[in-house]
Amino acid sequence: MSRFKRILLKLSGESLMGNQQYGIDPKRLGDYARQIKEIHEMGVQIGIVIGGGNIFRGVSGAQKGFDRVKGDQMGMLATVINSLALSSALAAEGVKNKVLTAIRMEPIGEFYTKWHAIEAMEQGNVCIFSAGTGSPYFTTDTGSSLRGLEIEADVMLKGTRVDGVYTADPEKDPEAVKFTDITYDEVLARGLKVMDLTAICMCNDNNLPIYVFNMDVVGNLKKVIEGEEIGTLVHH
Ligand code: UDP
């Protein structure tokens, strides 16, 4: 049984690299697609936002001399590339899905509107929201908060490489303490890195809970959906 009717799943582009230095690891992509298939079969309505950091980030581009707005547009296109890869992997698993784009680019994807997205999800499609917000100076964290709110998701599931929110990077600091439950205000007050601050504030202001968990462990997505406490809830 699912504890959620509709979710927004945020996946980072970087985790698509798997053990590679760049690009898309087909094995990791396949693992993600099968995990998504598992919860889709449970009847959960699924919207997905995927990052582009495995291919291009506007900020890094600007440091190397690219115009920031053009760099961000390149980053948004990188999210479209990842979205198409995920769409293809889902289709190979027999999962009906649609890529919706924040910037018009038919026939690569259909232009996003809230109503089109909800209708597609209600008809059993997984919806992949690509090109972030469509505007520069934002990230896919902000994009996923925005889409999560627009599609009236019950929760934003942030699939990362660690199993929750820590006081420090658990891979570097053995003293790092993990939260099992934390409020937005504490996250803001302590300056904890969960996602970018604009995204946290948007969720905070509009009561969208965020659940942070390790998506790289196969089977974890289903556990989260079934209510197993394997991550960290960030809430009002
Ligand atoms: N981006 C943007 N506007 C958005 C979303 C993304 O300009 O609404 C650009 C930005 O340059 C960002 C890049 O796309 O660095 C890739 O997204 P992000 O860094 O969020 O990817 P992730 O870290 O999740 O892999």
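Glycine is no exception: its Cβ is also placed from the backbone N, Cα and C atoms.
TrEMBL names Asp72, Thr133, Gly134, Ser135, Pro136, Tyr137, Phe138, Thr139, Thr140 as UMP ligands; from the candidate set Gly52, Gly94, Gly109, Gly159, the record adds Gly52 to that same site.
Of the residues proposed, Thr160, Thr180, the one TrEMBL records at the same ATP site as Lys10, Leu11, Ser12, Gly13, Gly53, Arg57, Tyr166, Asp169 is Thr160.
In this structure, Lys10 (ATP binding site) is part of a beta strand by DSSP. The binding-site residues near ligand 1, defined by a Cβ under 6 Å from one of its atoms, do not include any of Lys10, Thr160, Asp169.
Each of the binding-site residues Ser12, Thr133, Ser135, Thr160 was scored by how many other Cβ atoms lie within 10 Å of its Cβ, and the smallest score goes to Ser135. Candidate binding-site residues: Lys10, Gly53, Asp169. Nearest to Tyr137 (UMP binding site) by Cα distance: Gly53.
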